[in-house]
Amino acid sequence: MSSWVKGLVYLLSALVCVGHLPAPLPTINTCIFDDIEPPDVLQKRQTYAHTQDVLREAGTHSHIPDVLQRSGTYSHTEDVSEGTRRTSDRTKRNTQTSDRARRNSRDLFQPLRITTWFHNIGSELGRAEQDSLRAVVQEAVGRITRALAVVPVQGPLVLGRNFTEICKFAVAANQPNAGKCSVAKTTYRGEICIAEFLIPDEHLEGFATWADTGDTPVQVLYTDGAGVADTDYILYVTAATTTRCQNDHSILAYASYCQLDQNNRPTAGYTNFCPVQLQGPGFDRDKFVMTAIHELLHALGFSKQLYGKFKDCSSSADPTSCPDRRDVVETRYGMNRITTPTVLNRTQQHFRCSWTDFGGPLEDRPTGVSSHWESRLMQGSIMTAKLGPPHLHTIDAVTLAVLEDSGWYRVDYTTAGPLVWGEGQGCTFGTEATCVTSDDWFCLGSSVGCHYLRLDKGRCESDSYLGACRVHKPQPGDECWKESSAPSTLQLELHGESYQEASRCFMSNLIKTGQGGPSSPAGRCYEHRCNSTGVLEVRVQGSPWVRCQFGSSIAIPGYSGLLECPPAGVLCRDVYPPPHTTATATTQADNCPTGNTQHNPPTSPPSCVPPPHTTPSHVTPSPHHCYSYNTG
Ligand SMILES: *[C@@H]1O[C@H](CO)[C@@H](O)[C@H](O)[C@H]1NC(C)=O
Ligand SMILES: *[C@@H]1O[C@H](CO)[C@@H](O)[C@H](O)[C@H]1NC(C)=O
Ligand SMILES: *[C@@H]1O[C@H](CO)[C@@H](O)[C@H](O)[C@H]1NC(C)=O
């Protein structure tokens, strides 16, 4: 696409979303145009331990149990028993080598190590804002690395240079140094991620020019960088008011991957946080953590540019060299869906749908393959295009299944949060043909009801992604669990409401006896409790605890009208506890006030490394360059 067409696409898609933003201050339901399409991405071979090494090690030193132990939460019970059997049953080893090698390859996986590299974040952020950004990124990285494992890179991770970009003439094919560069271009500026971030030379391989013959180069233009030790992925983080931030003030952050390894796994990524969003009293730490996780998941693999690069490692002895996975996205039942095996399994399980090609539904607005989940079906997932209040989103198992099916990661599903939306609702849930109704999930009109998780009230609304469907969306002040959201005492008393940690949203038309005629049902906040057998009770101001049988309507002493008990499945299930409203905990990043933080696997504490050497000044994108944003 030519750049002006891209610019037009961007403008149009921005309008689609911005047109639906109600207020100039989008503190809620912020539009995210966040997954940048890199034009072309360099691939560089990395060094990995090979399966054969592990087999050999196991044969001579019985190392397999150690390997399993080190892989900690990533070894499933099944693996452990297989590992035990393997070591105690060595005589049969040679008979089924390839099968064993394949199973053994799973043992190679270790928790993902991400090194975050903050570049120049002090140029636009004050000290406190920098600390906030570091804390946010570290928390996001911590949560991702707990969920994912990879075959670890051996030795330092060193990124590649684009030969075509740097070399003008190569040594002729009939010469001993054939293929090496003989004359370098003078225009080479370095490796730049999505035209914005200049990768530090110390993370890059060197470059030299050569004569036709000879073992030593004629001129070394760049010496080999030291790379980054103990790392599988480098995440570059900046906070600059770029063109992308200026073009759309609702963007919090955006991200892209920068390089891939020989198996297409991203080895470096870049994310920029728009400074204005980190500044001032409106800064919402939890929202930024969720945004950072969302961005990082794009840059690790959940990206429409990467679906086509996924690998099928199900029968490969070497998990760093697998065949391409075909048909990752297919159009089924009028929707683009991810139809890889684990995603199929997880979605079928979640919606309780037996269609074998049901798949993970991708966002259909705007048209085309999306890097986000369909909003109508995947409310609450971290990977929907629009993130609401952070306590209503989670890193769900369907999202993690995409990363597993990329072939690059093993996933610890115990780290996944519960996806409640649409649970067990069958194959036709959440289509525009079925959603125009008022039920436990969708609503009609613009009434005040309850968000489906019952933590908050919500106004019945649609947005650019929901299309014809409407859901109850919480606004600031709708949080039943938050004391500071409570309206005046007088207002509370009329309907017997209370705002506190144990309060949840119930539909009710209760009104204090003698205070007037019946009111119309609306979402209201009442204290709740669950006993150990999962029985729900509610208490309205001044009333005793009253049992609230799921799906029934009950009367409350001292009030006229009824209170509707929610359907089973959300309350008394211990999912979605209200977020902590107390001061935020200190984070690891607080130990690293300047420079960059080496992020180690969760088991070992982080250590601080010195700040980077001063690199050439930040590369600013040319003002005439237009970008295509992934809008959904
Ligand atoms: C390498 O550089 C050439 C020349 O600038 C460019 O056309 C190509 O897209 C680049 N390749 C990658 C993988 O970035
Ligand atoms: C999903 O996978 C699990 C474990 O392999 C299996 O027990 C279950 O039957 C599968 N579910 C579906 C719906 O395919
Ligand atoms: C839970 O409450 C129900 C109804 O009030 C009661 O029948 C049941 O015995 C209670 N269970 C426990 C363990 O207290």
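Even glycines carry a Cβ here, placed using N, Cα and C.
For reference, TrEMBL has these:
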- 1-19: signal peptide (SIGNAL)
- 59-105: region 'Disordered' (REGION)
- 76-92: compositional bias 'Basic and acidic residues' (COMPBIAS)
- His294, His298, His372: Zn(2+) binding site (BINDING)
- Glu295: active site (ACT_SITE)
- 583-632: region 'Disordered' (REGION)
- 588-600: compositional bias 'Polar residues' (COMPBIAS)
- 602-614: compositional bias 'Pro residues' (COMPBIAS)
- 615-626: compositional bias 'Low complexity' (COMPBIAS)
Cβ neighbours of the residue listed as 'active site' where a neighbour is any other Cβ within 10 Å: 28
DSSP-derived structure type at His372 (Zn(2+) binding site), helix or strand or else coil: coil
Glu295 (active site) and His372 (Zn(2+) binding site), distance between Cα atoms, whole Å: 11
